[in-house]
Amino acid sequence: MHPIKLCARSPRPSSKKRKRPAAAAATPPESEPEPVHNTAACNSEGENNATGKRREHNNKKMKEEKSKRKKKQGEGKKGSGILTDKLFSDLPISDLTANAIRDMNYTHLTEIQARSIPPLMLGSDVMASAKTGSGKTLAFLIPAIELLCRLRFSPRNGTGVIVLCPTRELAIQTHNVAKELMRYHSQTLGYVIGGIDLRGEAEQLAKGINVLVATPGRLLDHMQKTKSFKYECLKCLIIDEADRILEQNFEEQMKQIFKLLPRQGRQTVLFSATQTEKVEDFAKLTFGSKEERQRTLVYVGVDDHESKATVEGLKQGYCVIPSERRFLVLYAFLKKALSEKTKVMVFFSSCNSVKFHAQLLNFIQIECYDIHGQLKQHQRTSTFFKFHKAEHGILLCTNVAARGLDIPDVDYIVQYDPPDETKDYIHRVGRTARGDNGKGSAILFLLPKELQLLIHLKAANISVSEYVFRQELVPKLQPYLHYDSSFEQEKIVGGNYILNRSAKEAYKSYLLAYKSHSMKDIFAIHQLDLTSVAASFCFSEPPKVNLDLESSASKHRKKRNVNTGRRHGIGPSNPYGRKGSDDRRQFARF
């Protein structure tokens, strides 16, 4: 197989043109006369020319932006990609919602929207699944908003619709989509998520939030603690990314939420990207017995007969890279991506790994954003919106950004650390090639001993090609990253206390994540070459770490509390101490 020069590949197909920089678009031709800075001396002809040029430039810019929006939303391309030939204008919805959809530049429904909106409008319980980026958010929001509009819901009625999301970022994104849909409606909208002041949210709930977007833990907190939270008139409960909610150990919280919520007269909706056994079990809890579900539940499975688990516009590949060269390959790839002004998301297995690589890359002038679970909520939200608005850039993240987030124009998904399960792979790569005719590429980094993962991907209808990096593309950066005693000068990581400490924490977290991987037959920690792994974290030799997963600070404290907490072991049951109990010669009893 001939080596593929992957990082030199064009980030987008030639048919998809990137918008020219504003500075280049506004550059005047050489024949244009010098501008007159004294406005009082300008004649009418010069003013008209300048005004005409500005108007022409503004019109051109508006046309470019409109063309970009049309291309993104697939306007005028009925029946292509994921869109159908059905129009939003044909739906039996209010003029208020129709006008909002028109403002959002949507014209044609996607498959999941065309199949799920009609039964939802009729009030049926729906359990739906579709690939990521297929338009599920609009599919459940439009009927829910229309329901409250028909009932003339007002703040005094309390909460009529609850949308549950697994992550804070997805909740904020869903809230923003609902805000656009409800711009002409009188109903109120809000969200409650972790990381934000509980008292401030309680004050908003007391005023009455008709459509509430929430994460399960924070919703349960308010249901149990906020007395002014009115949800007795709840008409619709929507659970988005139901499979992910169950993965994040929200199952017990969900059971408590279901006990507290009114069941009679409530429509229940489950949306997910994959159908798993846990989702089926969750459906039993949500919709009742099998007989009851068969009688009342409408199941919409858009991808049930699809031969591929991912979208058509996605190019997928993997690279077999030894541990010691992983960071060097990533560095070369990201440096090329920056020069080509592409948008890249890189997934890691732990928060500490994201923190270290973000610090290191920014230190060596590869600017990047980072999102992980250890950041405060305002930092996560700010970073998400910065990357969302950016035309190009790099985002390092954990699986917290792998589900539901709709970030426009992502060119590459790099899975630096392999996913824990095949469905995690699907959701990670789902951040690119979104929408109708979306294009993107996904690259998976694998060690030589991890190639059996491809068998699991193939069993899940995921087809990936092998990419080979040419060695000359990888910079000779390794000697300058770790501290080498053979040199008399400090290196980047070895000589920087913060980077060195961060690298140790990332190294330990990587090994812990590897040890807890669900596919232990493939990801076996005892097969790792720790020296090579340490080299990928910029160490010349493996740092000493404790890999006992069962150990914790509390357990150590409990051990120390034995015999009244004294290390010498002296206590009521053993007055002679730890040594004295085994050595009769040390103490004599009289």
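Just so it is clear, glycine is given a Cβ too, placed from its N, Cα and C backbone atoms.
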- Would you mind telling me which of 86-114, 115-143, 434-462, 492-520 Swiss-Prot tags as motif 'Q motif'? 86-114
- In Swiss-Prot, of the candidate ranges 172-175, 184-187, 240-243, the one given as motif 'DEAD box' runs 240-243
- Note on the structure: For Thr137 (ATP binding site), the number of neighbouring Cβ atoms whose distance to its own Cβ is within 10 Å equals 23
- Message: Summarise the motif 'DEAD box' (240-243) as counts of helix, strand and coil residues per DSSP.
- Response: 2 helix, 0 strand, 2 coil
- Using the recorded ATP site (Ala130, Lys131, Thr132, Gly133, Ser134, Gly135, Lys136, Thr137) as reference, state which further residues of the same chain have their Cβ within 8 Å of the centre of those residues' Cβ atoms, listed in sequence order. Ile82, Thr110, Ile112, Ala273, Arg434
- Let me know the DSSP-derived helix, strand or coil state of Lys136 (ATP binding site), please. helix
- Please classify the secondary structure at Lys131 (ATP binding site) using three-state DSSP. coil
